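Student: One structure is given below, represented as structure tokens, and several questions about it will come after.
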Amino acid sequence: MEVIVESGAHAIAVRVADAVCELLRRKPDAVLGLATGGSPLPSYDELAERCAAGLVSFARARGFTLDEYVGLPPGHPESYRAVIDREFVSRVDFGPGAVAAPDGSAPDIPAACRAYDDAISAAGGVDLQILGIGADGHIAFNEPGSSLSSRTRIKSLTRQTRVDNSRFFGGDVDAVPAHCLTQGLGTISEARHIILVATGANKAEAVRQLVEGPISARWPATVLQLHQHVTVLVDEAAATGLELLDYYRETLRLKPDWQGI
Ligand code: GLP
């Protein structure tokens, strides 16, 4: 796991965009894992700007989102399908149908979840997964207690996550669905490279657990310690709990130029 502390959200976005552009240069038909939430938005802005400037193309790429609420009517503006279309997909040049999302209104939820995992496998797996992290250490919607080898499935959201996400539902916690579909921790762990972005002091404890805590379903993101290629991009505020912060800074400073992230 590599930890990179940046000065702020823009510097993080540039790193993420550089990694996506480099991947698409090497592999134009790459498969991207796309997160919703606020953390990746500056990266999507940066990529949309670069795409508009002709510096990168998503025309042959494909994408899979991480999660979706259960019970929102199709087309609801806060469904993650609508959010990712609005915030990213519609702003770059993906082909029609190139980005898939779990179907939270499927009549047969277990079958839809299995089909989603199968679709990721059939696409060859995710080359680069962009992730955020919840204050309670969840990734996608894998709340504390999630099996570390879980697959895409239905989950109940914690009260805290519903409170956190109520800002998108007019501040009404009861308007936030109680259930979601989410790629499992096992599913996410199959991505070849994972970039996790976290900014702000309210993420500091989750980042501390993710990087330096014991691997535990109590902090689901800690499963990433078992992955061979994870890059954790944080700002100063989110890095404050890290015991080995000086070492991470030194490692970055001395890193060979050829290495990349
Ligand atoms: C949501 C999403 C996660 C996201 C997390 C943090 O619940 N399901 O994918 O990482 O919250 O969101 P934010 O980046 O807005 O803090």
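Just so it is clear, glycine is given a Cβ too, placed from its N, Cα and C backbone atoms.
TrEMBL annotations: computationally assigned, not manually curated.
Pulled these features from TrEMBL for this protein:
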DOMAIN    9-229  domain 'Glucosamine/galactosamine-6-phosphate isomerase'
ACT_SITE  Asp67  active site, proton acceptor
ACT_SITE  Asp136  active site, for ring-opening step
ACT_SITE  His138  active site, proton acceptor
ACT_SITE  Glu143  active site, for ring-opening step
Student: Reported as an integer number of Å, what is the Cα distance between Asp67 (active site, proton acceptor) and Glu143 (active site, for ring-opening step)?
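Tutor: It is 12 Å, counting Cα to Cα.
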Student: Which secondary structure state does DSSP assign to Glu143 (active site, for ring-opening step), in the simple three-class scheme?
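Tutor: Coil, per DSSP.
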Student: Using the alpha carbons only, what distance in Å do you get between Asp136 (active site, for ring-opening step) and Glu143 (active site, for ring-opening step) once rounded?
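Tutor: So the alpha carbons of Asp136 (active site, for ring-opening step) and Glu143 (active site, for ring-opening step) sit roughly 8 Å from each other.
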Student: Given the active-site residues Asp67, Asp136, Glu143, return the subset with CB under 6 A from an atom of ligand 1, ordered by sequence, or none if empty.
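Tutor: Near the molecule: Asp67.
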Student: What's the number of neighbouring CB atoms sitting within 10 A of the CB on Asp136 (active site, for ring-opening step)?
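Tutor: Step by step: centre on the Cβ of Asp136 (active site, for ring-opening step), count other Cβ atoms within 10 Å, giving 18.
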Student: Would you identify the secondary structure of Asp67 (active site, proton acceptor) according to DSSP, in three states?
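Tutor: Strand, per DSSP.
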Student: For a quick check of packing: other C-beta atoms within 10 Å of the C-beta of Glu143 (active site, for ring-opening step), how many?
Tutor: 21
Student: Including all protein chains shown, what's the count of other C-beta atoms within 10 A of the C-beta of His138 (active site, proton acceptor)?
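Tutor: The Cβ of His138 (active site, proton acceptor) has 25 Cβ neighbours within 10 Å.
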Student: Report, as a single number, how many Cβ atoms besides its own are within 10 Å of the Cβ of Asp67 (active site, proton acceptor).
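Tutor: The answer is 22 other Cβ atoms.
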